[in-house]
Amino acid sequence: MGGGAWVVRLASLFALGLVLGSVEASLGDVDPRYRTCVKECQTTGIIGENIISHCQNKENDTSVGDSWYNQEQIYMQWKQLNCRTDCRYFCMMQREGERQSLGLAPVKYHGKWPFLRISVFQEPLSAALSAINLLMHFTGWLSFFLLVKYKLPLRPQTKRTYYEYTSLWHIYAILSMNAWFWSSIFHTRDIDLTEKLDYSSAVALLGYSLILSLLRAFNVKDEASRVMFAAPILAFVTTHILYLNFYELDYGWNMKVCVVMAVVQLLTWAIWAGVTRHPSRLKLWTVVFGGALAMLLELYDFPPYMGYADAHSLWHASTIPLTYLWWSFIKDDAEFRTSTLIKKAK
């Protein structure tokens, strides 16, 4: 998070944890009419006027143990478009159409709202907005790189930047882009692998952002001191990621871990900006408090408007301007530190 747009990622993890923790308890998938529809679809391959080709052609649903030449193409296996998933989708859409005609509100199926699918995109708006956030981090990092490398003065002897945190922000950019990449993939296809990659990437970014906030707030410049600051947090975050991936994907525990890391770094950034009277503290405070307000979008869960825009996708939209402002603050900080160090050198 780094005190920026990813501050509110913890709310996403919390809300998604609650959703996925009750996958088989949603009102939609316990509906007898929905269950009957899915069962008949998997048997006949027909739902109303829709013919499910994956159910008609059973060879498309071969198991992993079959010969490689009998299995689906690799990209089809990743998409997991098969008889069961297609039957669930079309039966969900049919049942929601019936409910709407009766004036009933949408309900969740297998822990998720009934989104309209576009090709392989399960939640197209959230996937697209995640991709835009990735682009925002890339352009923000690129402008930061050009600033410190070509626009600001370099140290005469080493030709390195005056700004002591340049390399740390490069790492932050990589982790941010990686996290948004897997967020986009996860919203495209929600399967076990993409879920774990999305969660792991978000936790890694949170942990590193916490380290970065502490290093900047306490002005830690010595490499040995940085290692001392980072080692305990890195060890804990690594252990936590391994726990989620290879022992148990415990959504409740993960939420608690993310909340603690987020709160600590939020307080760190906010207090540091006030104590040091940083010239760009207003930008930092706007990002921090704007991100906190955006969390309300995660807490106020509502069905997708027109089948696409739900609270979570709107949260993704809110992080786009916050990301721009966050990288603007980072560049301001680089200019401020460089100017300060050059004045001291003179």
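Along the chain as shown, the residues are counted starting at 1.
Yeah, the Cβs are placed from backbone N, Cα and C, and that goes for glycine too.
No curator has checked TrEMBL annotations; they are predicted automatically.
For 1-25, the entry in TrEMBL reads signal peptide.
Among the features that TrEMBL reports, transmembrane segment is placed at 125-148 (among others). Long-range contacts of the transmembrane segment (125-148) within the same chain, counting only residues at least 6 positions beyond its ends with a Cβ under 8 Å from a Cβ of the stretch, are 5, 161, 163, 166, 169-170, 173, 176-177, 180-181, 183-185, 187-188, 304, 308-310, 312-313, 316-317, 319-320, 323-324, 326-328, 330-331, 334-335, 338.
Among the features that TrEMBL reports, transmembrane segment is placed at 169-187 (among others).
Long-range contacts of the transmembrane segment (199-215) within its own chain (CB-CB distance under 8 A, at least 6 residues past either end) are made by residues 1-3, 6, 9-10, 12-13, 165, 168-169, 171-172, 175-176, 178-179, 181-183, 226, 229-230, 233-234, 236-237, 240-241, 244-245, 249, 254, 257-258, 261-262, 264-265, 268-269, 272. Taken from TrEMBL, the feature transmembrane segment covers 199-215 (among others).
Feature annotation from TrEMBL assigns transmembrane segment to 227-247 (among others). If you look at the transmembrane segment (227-247), the same-chain residues 6 or more away from its ends with a CB under 8 A from one of its CBs are 196, 199-200, 203-204, 206-208, 210-211, 214-215, 218, 220, 254, 257.
TrEMBL lists 253-275 (among others) with the feature transmembrane segment.
Summarising the annotation, TrEMBL assigns transmembrane segment to 282-300 (among others).
According to TrEMBL, the transmembrane segment annotation covers 312-330 (among others).
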